[in-house]
Each structure stands twice: as C-alpha cells, then as structure tokens.
Amino acid sequence: GCVLYPWC
C-alpha cells in the first residue's frame, strides 16, 4: 500500500 503514488 503506497501513500504518495496510487500507481506503485
């Protein structure tokens, strides 16, 4: 679960 980028 990334926070800065939704595509990572």
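Quick reminder: no glycine exception, Cβ is built from N, Cα and C everywhere.
Annotated features, as they stand in Swiss-Prot:
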type	residues	note
DISULFID	Cys2-Cys8	disulfide bond
MOD_RES	Leu4	D-leucine
MOD_RES	Pro6	4-hydroxyproline
MOD_RES	Cys8	cysteine amide
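Residue density at Cys2 (disulfide bond): 7 other Cβ atoms are found within 10 A of its Cβ, drawing on all protein chains shown. If you draw a 10 Å sphere around the CB of Cys8 (disulfide bond), it holds 7 other CB atoms from the protein chains shown.
Within 10 Å of the C-beta of Leu4 (D-leucine) we count 5 further C-beta atoms, all protein chains included.
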